[in-house]
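Listed features, source TrEMBL:
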{"type": "ACT_SITE", "residues": "Glu56", "note": "active site"}
{"type": "ACT_SITE", "residues": "Cys120", "note": "active site"}
Amino acid sequence: ELEKLGLRDDVDLHVYEVPVEYQTVQRLIPALWKKHSPQLVVHVGVSGMATTVTLEKCGHNVGYKGLDNCRFCPGSQCCVEGGPECIDSIIDMDAVCRRVSALGLDVTVTISKDAGRYLCDFTYYTSLYQSRGRSAFVHVPPLGKPYSAEQLGRALQAIIEEMLELLEHSEDKISCQHEH
């Protein structure tokens, strides 16, 4: 749906489906970062428990015990051996939540600090580690429970555009500080 809607004209949107497989994530996420050198990567995952669109603040390195779709689980139960326990996104999720909620979309947006220690959290941590925090993760409820694909697409469009706006303004401040 987001692919149909698109983003601002100055944004190149690349959409990939990431399999629910630990080993594929460990190969694919670094490869996508290397291929595109993006300003930001936003991962989207479906959570059967979600009833809102949920912005995840951080990814966790350890505690991965569930088997993936290939019936595999990392022996170390972690994403990156020796990596920090938790990595926060450089995106201010509270600000994104406030700004998107203020737009009056027919979708409720909330914040979380725990993406669940399965492939969503694993993917998020892997991307945060790869990008030094230049990633985001959004959990969405299953289609129709309660939102349509169109509602979720519009919400994701607004969320990503707000994230890019915040990122661009923070980079302006950083470059401005270096000039003085």
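Even glycines carry a Cβ here, placed using N, Cα and C.
Unlike curated entries, TrEMBL annotations are predicted automatically.
If you take the Cα of Cys120 (active site) and the Cα of Glu56 (active site), they are about 10 angstrom apart, rounded to a whole number.
The Cβ of Glu56 (active site) lies under 8 Å from the Cβ of Ser89, Met93, Ser112, Lys113, Asp114, Ala115, Cys120, Asp121, Tyr124, Ala136, Phe137, Val138, His139, each of which sits 6+ residues away along the same chain. Of all Cβ atoms in the protein chains displayed, 22 besides its own lie within 10 Å of the Cβ of Cys120 (active site).
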